[in-house]
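As recorded in Swiss-Prot:
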BINDING   9-16, 22-23, Arg61, 88-91, Lys99, 115-116, 184-185  substrate binding site
ACT_SITE  His10  active site, tele-phosphohistidine intermediate
ACT_SITE  Glu88  active site, proton donor/acceptor
SITE      His183  site 'Transition state stabilizer'
Amino acid sequence: MTRKLVLLRHGQSQWNLDNRFTGWVDVDLTEQGRQEAAAAGKLMKDEGLQFDVAYTSVLKRAIHTLQGALKELDQDWLPVHKSWRLNERHYGGLQGLDKAETAAKHGEEQVKIWRRSYDIPPPAMDVTDPGHPGHDRRYATLDRNALPGTESLATTLVRVLPYWHDAIAPQLKAGQTVLVTAHGNSLRALYKYLNDISNAQILELNIPTGIPLLFELDDNLQVQSYRYLGDPEAAKRAAEAVANQGKAK
């Protein structure tokens, strides 16, 4: 039996538009982002996808993308589970900074390493910083010492995988069709795990906003196939635009 899993990165956020490092900062969608969410829902509807359960982060840009997509799908009733483990990678001291200005200051190669390497985190945010998640009530039930002040993709994967194994994978194994709406790096982490790609290969992977990525999995959740829904050239162009965000102007 083929299991179906869709990974969907949130639509354009205000800080995507502003070309700023976002991480765990809770910024909302732009009007374009809301349109991308609806368009993603239409692509999934045209594909004939009938979901059984959905998962998202505790950040509004992902939550609102999921809501917009489900509305277009006419599946608003779907059970939705939110977890901090699906949050974007924490960008530490880079959060809020302009990507192009940071590239001009530190060099494009350094910014590419911070953005896309596997195991090198950006400079950490101090725990006393008001923006540290330890000061955010949505994480009040978690051990403050376990909350990140920065993350690499490797540590993001360590954060995401327990939720995959404990919550998402059992639903897929039970034959459920699953939608995960999250963020560029939490989805890159899942992509790396599912496709078992190397640390070097993940450096070149960019996930575009608002375009559903459909995986077909076997009974053991091994990948049989995967593809972006809609126009593959449009997905390619959108991924290239993500890659270019870290370049100096």
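The chain as shown is numbered from 1 upward.
Backbone N, Cα and C define each Cβ position, glycine as well.
Structure with Swiss-Prot features highlighted.
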residue	record	Cβ neighbours (10 Å)
Arg9	substrate binding site	30
His10	active site, tele-phosphohistidine intermediate	32
Gln12	substrate binding site	22
Trp15	substrate binding site	20
Gly23	substrate binding site	26
Glu88	active site, proton donor/acceptor	26
Arg89	substrate binding site	28
Lys99	substrate binding site	24
His183	site 'Transition state stabilizer'	27
Gly184	substrate binding site	21
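Counting only the Cα atoms, the space from Glu88 (active site, proton donor/acceptor) to His10 (active site, tele-phosphohistidine intermediate) is about 10 angstrom.
When the recorded positions Arg9, His10, Gln12, Trp15, Arg89 are screened for a Cα within 10 A of the Cα of His183 (site 'Transition state stabilizer'), the ones that qualify are Arg9, His10, Arg89. Across the structure, Gly184 (substrate binding site) and His10 (active site, tele-phosphohistidine intermediate) place their CA atoms 8 angstrom apart. For the pair Arg89 (substrate binding site) and His10 (active site, tele-phosphohistidine intermediate), the C-alpha distance works out to 14 angstrom. A coil conformation is recorded for the residue listed as 'active site, proton donor/acceptor' in the three-state DSSP classification, outside any helix or strand. In this structure the C-alpha atoms belonging to the residue listed as 'active site, tele-phosphohistidine intermediate' and Lys99 (substrate binding site) are separated by 19 Å.
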